[in-house]
């Protein structure tokens, strides 16, 4: 009779692995929990080479953690997904997912099958999304620009720039509106990547500025070049303009010394011909990711053109998109000849080198294909500037989402409290096992208002109880349905009408975080077996070099 199948590794199954996964998820959530809300605290992360990052952003914290546990990795990837999809709500999505898992584990311990819990969670998530879209949405058209500013301020309130929320909120809204364009379907689009953010340490936060145009952190290649060009025709090149040298390994046998001079002359002429082809199309601004040597700069100075070298590839792509230029990595065409055509040029009203703050920058203004904007951030040190950039990115994404979806929901725990009451009542109408799972889903959502209150040093039990009472009244009594806008005022420690207070979040942030958190919790909940293989050991006859020396294997 054959023995049991042996697996070359560790295997844990059933309740043990489920408890491990829940603990791993809870420990990840506990790391970011204290950073949630307008009075959340920051984290300092030091990597293996000593680089320091100080941040409040959930996605950044989890990205910099080196997590080994596979279930914990799921939550780290979840925060990253929320950051890419929506741009905000990364901390809350992880906290909700961990709480859903914890409560699901309690149910499983009470002998309720994970499949029943999973179907209950899916049903609860679907109902929650439907309830938000039918009852909690505020249309932005009735609120106008103030709504955008308030949504940006809500996003910034927990960040380092929250203290200057009014100043930065206006800057962010202006920047997003400046890069608006209409796509082929006639839909307005707001590409956040078109807003270039530059950082310069020194001065205070409020000396940051918004510039109309794309700001390049470069200067012209030579002092003899013009510093301002009107009606610019821009060539975007992804190669160096330097004297052509023959590749290593190429051997040329010469009998006549004059031939050597001819070869050197031809090397110079190849680059000169390329530059002449570019200038012949009317190009007067040349941007390249590579270098430009002195010989080539001379031709540009004589032609009165502006040449900029060592432009970042990222910046070059954005400028090409904004101006309508083509990025060329070579001038060679399909026939093997080198050509450059006028259609490859981008256009802008003006390209100018200006001194802004303490540095010289090149500004590309009023580009032809799309408009662009740049924000120059000032701060006390590099850590502060980096965190300001992350905060602004979140705020830009929030404003973009509000403009595209044209709807917001009240913040400050209002949505979670309303959903919790609704789902509890909904659970009692279910006559199946899913009832318990839906009730636990409802209880899990209260982790957000609870955490907000705890981080603000308030009595969370008292505050959340009051909040639930208001929302219960709003849902039971149709005459008092305006109470559904009630959320937490964390500074004064009492419930308030967050619609009047202007605490708004994009609807998509709430909807996506609910969906993502539910899916992540379900993914981890389905796991009931973990097999961890042992690392493979190489069958080396002599082992290391030292062992080989001692064994005499190297003597032959």
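Glycine is treated like the rest: Cβ placed from N, Cα and C.
Among the candidates 335, 337, 505, the residue that Swiss-Prot annotates alongside 37, 89, 90, 91, 92, 158, 159, 412 as binding ADP is 505. Under DSSP, residue 88 (Mg(2+) binding site) is assigned to coil, being neither helix nor strand in the three-state scheme. In this structure the alpha carbons, written CA, of residue 88 (Mg(2+) binding site) and residue 505 (ADP binding site) are 9 Å apart. With every protein chain in view, the residue among the recorded positions 159, 494 whose Cβ has the most Cβ partners within 10 Å turns out to be 159.
Within 10 Å of the C-beta of residue 505 (ADP binding site) there are 26 other C-beta atoms, taking all protein chains into account. The most densely surrounded of the binding-site residues 37, 89, judged by C-beta neighbours within 10 angstroms, is 89.
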